[in-house]
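Scroll down for the structure; my scribbles are underneath it.
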């Protein structure tokens, strides 16, 4: 269609993909991590909110080796603000067979110990995560428990919507056909583009004086529109 070779297309894709990954932070925590002071402040601000955590899987190319075929999916963890207004944290490229709760436990130290979350039944047993009540053996849930489960389910719509937006990008919505080693980088790049689309990032362009054709991408935080600093 564009009359370019496969190798040229490959080079163009990877060049710009790396540019986007470095220019567009994939999450709120990624955006402030370069400043220890800002990171600590953000961690404290987030404790005023109950964040939503969820995981999703993506199929990857199967290996010809039988043992490697058991590892034919990657799993990603997404944590977002209460109404899905921004992506707070991303964990990408975990083995599909790894339990959601294990991924959570391995990355929970990114947050303040007072931070609260809501999640599905995959996270039952974690004191920081509010989860639906399971139906007791040979018993029934109370009406109050049913209402609580319904509330948690309605909140999960927001993180599920974020995941759907990520999967709008063909490279994330279909079987991943690039090298496995590139998966995490590509997923994080897409999350950065999603945040840009959601307008949680503002981009300003500034031409370098010495090289007129080169444009720097400057990011400005707009946390005040999503989070309260009061």
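We count from 1, first residue shown onward.
Glycine too: its Cβ is placed from the backbone N, Cα and C atoms.
Unlike curated records, TrEMBL annotations are generated automatically.
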Candidate ranges 86-106, 107-127, 128-148 [criterion: TrEMBL lists as region 'Disordered']: 128-148
Coiled coil per TrEMBL - which of 4-31, 32-59: 32-59
For the region 'Disordered' (128-148), sequence-distant contacts whose Cβ falls under 8 Å of one of its Cβ atoms, 6 or more beyond its ends: 50, 53, 104, 108, 113, 115-121
